[in-house]
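Annotated in TrEMBL:
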TRANSMEM  21-42  transmembrane segment
DOMAIN    81-277  domain 'ABC transmembrane type-1'
TRANSMEM  82-104  transmembrane segment
TRANSMEM  116-137  transmembrane segment
TRANSMEM  149-172  transmembrane segment
TRANSMEM  193-214  transmembrane segment
TRANSMEM  258-277  transmembrane segment
Amino acid sequence: MTRTHKSSSRPFGARAAAKPLLYLLLIAATAVALFPVAYVFMASFKTPQELLVGGTRLLPKKFTFDNYVTAWNAANFSRYTLNSVCYAGIVTACTVLFSTMLGYGFERKRFPGRKFMLGSFYFSMFVAGAVTIYPVFKLIVGAQLHHSLLGLILATLGGSSILPTLLVIGYLKGIPRELDESAIIDGCGAFGVYAKVLLPMLTPVIGVVTMITFQGTWNNYMLPLALTLTQPDNRPLSVGVTSLAYVTGQQGMAQWDLLIAGSCMAIVPIAIVYLWANRFFVGGLSAGAIKG
């Protein structure tokens with residue numbers, strides 16, 4: 001009996017001994033992942049001369065905020081930020097609405113062509129976004145919307161609801177249908193079941209959809225670049241920040257200090273959205289995947 005007890009306790013002892021090593025590996029992996037971010041952030045406080053000839057030194061010799069002031073004032077940064085807030089905010093709000101309604105329709109309703117339409121959603125995930133830029137561009141130009149922010153929003157909405165809809169479908173599979181039936185008995189219609197019963201229960205996955213969509217839209221570059229080539233005032237921050245490289249420099253000389261400072265400022269809204277949605281992210285993403 002004693003021998004059995006000792007042998008059974010060995011795996012637990014081995015696990016306890018391995019925990020410090022596991023923590024060290026996690027700390028090392030975190031440091032490797034965060035070092036480029038920390039280096040770029042510190043580089044935004046360096047002078048142009050130190051940035052070019054200072055080597056790999058992490059901390060600047062002298063902190064300066066001139067890069068941030070110049071980046072904000074010299075390159076229409078406030079206009080680009082406002083465009084990005086409107087662009088990403090509207091796309092995110094519409095994507096949350098469309099994905100929850102589509103997910104509800106696909107999961108809770110049975111109609112002709114449902115399997116084909118759902119299969120097309122899965123298939124479209126394998127299509128590279130770069131492949132769709134030209135046809136989407138032609139459609140927006142044909143509709144005479146390429147001179148407005150509305151055209152950029154509509155072009156982005158065309159493919160922004162695919163993954164969120166599949167996440168909502170996976171999450172809805174874990175919610176009993178008896179709740180729908182009870183609501184129908186109480187007099188709710190289809191929209192009432194969606195709005196009053198299911199939508200409040202979708203809060204975790206809505207947080208995930210909000211974060212994924214806002215981040216993807218805020219960082220979107222190729223499509224906004226194609227649609228705003230002739231309209232600089234409509235550019236979002238992801239495109240406009242690239243103009244900082246040559247805003248005050250000599251011809252052919254990139255101003256990397258301004259570009260890095262502008263990039264750091266562009267990260268702030270993403271960080272705010274992440275901090276808000278972080279409490280939903282892990283639980284909602286795992287629930288949407290496992291329940292599916």
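Count begins at 1; order follows the chain as displayed.
The backbone N, Cα and C atoms fix where each Cβ goes, glycine too.
Highest Cβ contact count with the transmembrane segment (193-214) among the listed stretches 21-42, 116-137, 149-172, 258-277 falls to 149-172 (criterion: pairs under 8 Å). Where the transmembrane segment (149-172) meets the stretches 21-42, 82-104, 116-137, the count of C-beta pairs under 8 angstroms peaks at 82-104. Residues 58-60, 260, 263-264 of the same chain lie 6+ residues outside the transmembrane segment (21-42) yet bring a C-beta within less than 8 angstroms of a C-beta in it.
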